[in-house]
Amino acid sequence: MDFKRGDVVEIMGTEEGFEGSYFEAILISKVSNDHYIVQYNTLMNDDKSGPARAFVSGKDIQPVPEEIMPEKGFFLNDRVDVYYREGWWVGKITEKLENEYRVWFEHTGDEGVYSTTQTQMRLHRDWINGKWV
């Protein structure tokens with residue numbers, strides 16, 4: 001997919017400690033055939049003077065997916081994205097509680113309990129060859 005200036009996108013975290021995460025950004029410019037400059041919506045510069053900007057590869061960019069909340073909720077072992085720490089983190093449902101889900105994040109080894117009424121959660125989908133799968 002060819003992204004253009006002004007597109008709202010998500011950038012895959014590739015640095016240590018950010019694997020398995022996606023952060024919303026606005027595409028500022030296309031630098032080369034498959035490289036872009038983006039400005040993050042939630043991540044700040046180190047000195048906190050403004051939104052962080054980054055040079056990213058097209059393979060690390062995806063459109064913002066539609067948030068899908070299944071009618072009957074999530075099931076054990078569903079791959080989900082949970083919004084926390086200023087971005088979306090990929091995890092797996094390890095336990096369904098009354099109105100909450102225990103989610104394990106394979107890239108960080110963290111685990112937490114999240115309520116769908118207090119936390120944004122969506123089914124995880126992968127952006128492959130310009131399509132959601």
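Note that Cβ sites are derived from N, Cα and C of the backbone, with glycine treated the same way.
Record features (TrEMBL):
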- 1-69: domain 'Agenet' (DOMAIN)
- 72-129: domain 'Agenet' (DOMAIN)
Note to self: Per DSSP, what is the helix/strand/coil residue tally across the domain 'Agenet' (72-129)?
What the structure shows: 0 helix, 31 strand, 27 coil
Item checked: Summary of DSSP states over the domain 'Agenet' (1-69), given as helix, strand and coil counts -> 3 helix, 37 strand, 29 coil
